[in-house]
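Visitor: Below you'll find the structure I mean.
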């Protein structure tokens with residue numbers, strides 16, 4: 001198995017593989033720090049507390065997670081045809097890419113976790129801001145952030161790869177079915193929120209379920225995405 | 001020994017049969033030409049032989065095994081295709097680094113020489129390279145990989161005449177030093193005619209002709225002279241093509257024993273047909289007969305209705 005070649009395929013351009021996500025993350029963090037400094041200086045203690053609470057839901061961390069979501073798409077959309085062009089087998093590509101997904105998820109999960117530990121220890125970098133310590137990466141202990149971020153990144157990569165592989169195989173008709181199916185799932189949920197008190201109560205219960213069940217949900221998506229991807233990639237053809 | 005052997009190889013897409021029952025046998029350590037008009041099935045055949053797409057039916061043996069998911073076969077195969085896409089964020093140097101790791105016989109010193117020779121800006125982003133520079137990447141990989149089975153699918157699109165000649169010279173020199181099986185698909189038939197030892201012509205997904213180029217030199221002859229003399233001479237002979245200009249005519253035909261002498265005695269000029277001319281004659285004749293068959297079928301359908 002020429003897995004090393006597949007890993008090299010994904011990581012040969014170091015700036016693209018590691019540099020840009022970290023540079024964009026740093027820029028986003030800098031922006032959050034500037035905003036935090038302005039709010040603390042202008043608004044005082046009350047504003048600091050309110051900002052800290054509100055920033056639990058800040059999506060600034062997606063400056064890092066966003067490009068990683070795209071990684072699953074590019075793995076199949078751009079690297080798979082090239083891998084076949086280099087005479088690598090689908091099995092080798094899948095094994096190597098899975099390894100890269102795992103490595104990427106672990107690397108960035110460790111970065112986020114270190115960031116969170118520093119952020120918490122310094123009281124939000126001395127400004128009460130939140131960048132790493134947010135709901136998407138886990139508000140609990142550091143190890144929970146490590147696991148949650150790892151699972152989240154790994155899951156989105158697998159789902160992205162699965163969607164791209166399905167598009168690769170069935171083309172535009174898959175996208176139509178995918179978006180219609182997604183709309184059919186989302187519409188009843190939105191309708192339920194708007195029209196049904198019972199549904200809102202039920203959704204509240206789901207939202208309040210513990211950390212472990214939520215990790216189970218993410219893992220479930222990862223298993224479905226990964227299983228679909230591995231099943232489809234075995235018969236994927238060059239386009 | 002046979003490098004490639006296919007039997008009844010077929011690849012159907014929903015709209016079209018890209019390949020239809022292709023049976024070919026390509027010997028190892030020779031340069032084979034894979035010729036055909038656009039959409040003839042050349043790229044599809046090479047994609048099948050390198051395991052990039054799956055056959056609908058038929059059999060294929062490449063270097064003694066099936067190429068599909070076969071590490072042993074694919075690690076000895078390089079496929080340089082005109083349509084190869086590279087990630088936009090890659091530079092040429094990134095592609096060459098991956099190639100160096102992927103091919104066991106990779107010659108880095110030779111690759112460096114080729115990069116310099118083709119003036120390839122290795123640090124520039126792929127998306128900023130010209131069509132010719134993209135082709136140069138493929139040429140460097142195809143030659144420096146020294147793969148026992150090398151496929152070139154229109155490898156010099158966008159290259160100027162000088163660079164194309166350089167490629168032919170490099171290919172021949174490296175092939176002589178390191179014999180291997182090369183399958184070269186191209187539309188520049190006259191430019192590669194002297195390189196090719198064996199030719200497969202595909203048309204509409206089928207094999208129109210498979211022969212050694214030495215044999216093809218005798219496959220057709222062109223005669224020219226007065227139209228009346230040409231027509232009289234062609235009587236009873238298999239004519240591939242005939243053109244008339246005023247009272248003069250030129251015709252290409254399949255010769256039999258003694259035809260050359262007979263043509264001279266009839267006062268006609270003789271010239272050997274080039275590979276490109278033969279290719280044009282064969283494919284246009286095939287298209288004409290296909291159109292005729294379609295017309296007959298339609299007429300027959302109308303009669304039944």
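For all residues, glycine too, the Cβ spot is worked out from N, Cα and C.
Feature table excerpt (TrEMBL):
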type	residues	note
TRANSMEM	A:20-40	transmembrane segment
TRANSMEM	A:61-81	transmembrane segment
TRANSMEM	A:93-113	transmembrane segment
TRANSMEM	A:145-167	transmembrane segment
TRANSMEM	A:174-194	transmembrane segment
TRANSMEM	A:214-233	transmembrane segment
Visitor: I'm a bit unsure how to read this: which one of A:20-40, A:93-113, A:145-167, A:174-194, A:214-233 has the highest number of Cβ pairs shorter than 8 Å with the transmembrane segment (A:61-81)?
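Guide: The listed stretch sharing the most Cβ pairs with the transmembrane segment (A:61-81) is A:145-167.
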Visitor: Have the transmembrane segment (A:214-233) and the transmembrane segment (A:93-113) got at least three CB pairs under 8 Å, pairs 6 or more apart in sequence?
Guide: yes
Visitor: Take a look at A:20-40, A:93-113, A:174-194 and tell me which one has the most Cβ pairs under 8 Å to the transmembrane segment (A:145-167).
Guide: A:93-113
